[in-house]
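**Student:** Could you have a look at this structure, given as structure tokens, before my questions?
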Amino acid sequence: MGEKKVKDDPSAPSAPGYSVGDFNSTTKLAESQIISDAEYNPFEHRQIDKPNSTTGSLIHLLKSSLGTGILAMPVAFKNAGLLFGAIGTVIIGLICTHCVHILVKTSHMICQRTRIPVLGFAETAERVFQYGPAKLRPLAGFSKAFVDYALMATYFSAGCVYIVFIATSFHDVINHETGNDWSVRIYILLTMIPILLIGQIRELKYLVPFSALANLFIVVTFGITLYYIFKDPLEFDDKPMFSSFGTLPLFFSTVIFAMEGIGVVMPVENSMSKPQHFLGCPGVLNTAMGTVIVLYAVIGFFGYVRFGDESKGSVTLNLPLEDSLAVAAQILIALAILFTFGLQFYVPMDILWRKIQDKIPKNKHMISQIALRSGIMIIMGGVGLAVPELEPFIGLVGAVFFSSLGLFVPCVVETVFLWPNELGKFRWVLIKNVIFGAFSIFALVAGAYVSIKDIVALYTDDEGHTE
């Protein structure tokens, strides 16, 4: 959602068209041409065709963070231990929230400085470098391209995880109920039928009902899951407070994957009818992320206490299939993730289509969109067929893509924008961003290594194949 998503605004002031040669010691600027950054409010100049309400934006942001990852939280706690897992989940949640906050705030400030009503994630990075330190300005184009392609890779990869998750849930339920012995890969092929349909929705506004239904299904599933977690006495004594250093990378990458919705943030904020409600207290961001952190901590902590080392890639897969209530939970969560796929697919397709639409005749836009979307979804299904295991797949996507985009890039963007004289006392903003950036690099390298090692093991160990 960059500048192209907003109508040209004739009321938006523009910078005077002076060049260096126009100035000398006697040059005078007309008062009407001197407009400070503070006088330009980008919110007042936004003209969005189909704006979302504050409630609709909250639903979208919640849905972007409440996906398959939250159900993998017991596995994350297994890799961290009860005490470290609980503290680590809260800390990572606060870091993710902060990084989203500084990205949106920086976007607002660069919009104000450049007098552009709205900027997307990649456009924000580009403009920050364009107006940043002179030595970094040549990197403006690279920064935009990096964010664009990284976003596409991130959300296409996460979509692959969604496909595997849906297929695994139906695999367990249907095979148990019918006595079939079909592999997960067959269910991935069947899952592609509704995926190909819902992936054709192209307007964010039309995805709100699907997100609302998905949120409802998730709440019901959480209720059922919590019932099974708490219905019998919990045993805490046999659960370690800290697991091991060797499994910590999987903990970090799983939690980051679960919580990060960085690619949805800017499109959601840019499409709001009242964007001033996004930040602040309570605000859409704080309300959504506060809810997410609490839910993640509860599901992860008590889910691990209940199922221990038997915890699977989704806590719903640990529920007893002999009970109809557990079967209902598996079906509902599979449908919830299916309905979420449209929102997950919206972000990368919006980026890709904006890059290529001018190269396609307008009378062929409709058929081109259908063909392009279908082709990409088929490729995503193929990736799912190649790696039909949830746990290492989630860890790999979280480590490689979400840690870099959700943590590293916002820190870089804020630092470049504030450099060199607005980094605070003792340059505390720089110190803070260096620490967060180092953490993101650690999560990327260590998490990717452990996840790839687990994926390779699936093909080298006969017992590792999914049936």
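Each residue, glycine too, has its Cβ placed from N, Cα and C.
Just so you know, TrEMBL annotations never went through curation; they're auto-generated.
Okay, so TrEMBL annotates it like this:
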type	residues	note
COMPBIAS	1-10	compositional bias 'Basic and acidic residues'
DOMAIN	52-452	domain 'Amino acid transporter transmembrane'
REGION	1-24	region 'Disordered'
TRANSMEM	58-77	transmembrane segment
TRANSMEM	83-104	transmembrane segment
TRANSMEM	146-170	transmembrane segment
TRANSMEM	182-199	transmembrane segment
TRANSMEM	206-230	transmembrane segment
TRANSMEM	242-266	transmembrane segment
TRANSMEM	278-305	transmembrane segment
TRANSMEM	325-349	transmembrane segment
TRANSMEM	370-387	transmembrane segment
TRANSMEM	393-418	transmembrane segment
TRANSMEM	430-452	transmembrane segment
**Student:** Out of 83-104, 182-199, 242-266, 278-305, 370-387, which stretch touches the transmembrane segment (430-452) the most, going by CB pairs under 8 Å?
**Tutor:** 242-266
**Student:** What residues in the same chain, six or more past the boundaries of the transmembrane segment (146-170), come closer than 8 Å to it by Cβ-Cβ distance?
**Tutor:** 67-68, 121-122, 125, 184-185, 187-188, 190-192, 195, 257, 263, 313-314, 316-317, 330-331, 333-334, 337-338, 340-341, 344-345, 347-348, 351-352, 355, 376-377, 380-381, 383-384, 387-390, 393-394, 397, 400-402, 404-405, 409
**Student:** Cβ pairs under 8 Å only, please: of the recorded stretches 182-199, 242-266, 278-305, 370-387, 393-418, which one is richest in them relative to the transmembrane segment (325-349)?
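**Tutor:** Per the Cβ count, the answer is 182-199.
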**Student:** Considering pairs 6 or more residues apart, do the transmembrane segment (182-199) and the transmembrane segment (393-418) have at least three CB pairs under 8 Å?
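**Tutor:** Between the transmembrane segment (182-199) and the transmembrane segment (393-418), contact is absent.
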**Student:** Given a Cβ distance threshold of under 8 angstroms, which distant residues of the chain, six or more beyond its ends, lie next to the transmembrane segment (278-305)?
**Tutor:** 54, 57-58, 61-62, 65-66, 70-71, 73-74, 76-78, 82, 85-86, 89-90, 93-94, 96-97, 100-101, 104-105, 222, 225-226, 229-230, 234-236, 239, 255, 258-259, 265, 268-269, 272, 311, 315, 318
**Student:** Six or more residues beyond either end and a Cβ under 8 Å away: which residues meet both conditions relative to the transmembrane segment (242-266)?
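**Tutor:** Here the qualifying positions are 1, 60-61, 64-65, 67-70, 72-73, 75-81, 83-85, 88-89, 92-93, 96, 99-100, 103-104, 107, 119-121, 124, 151, 154-155, 158, 285, 289, 292-293, 296, 343, 347-348, 391, 394-399, 402-403, 405-407, 410, 442-443, 446-451.
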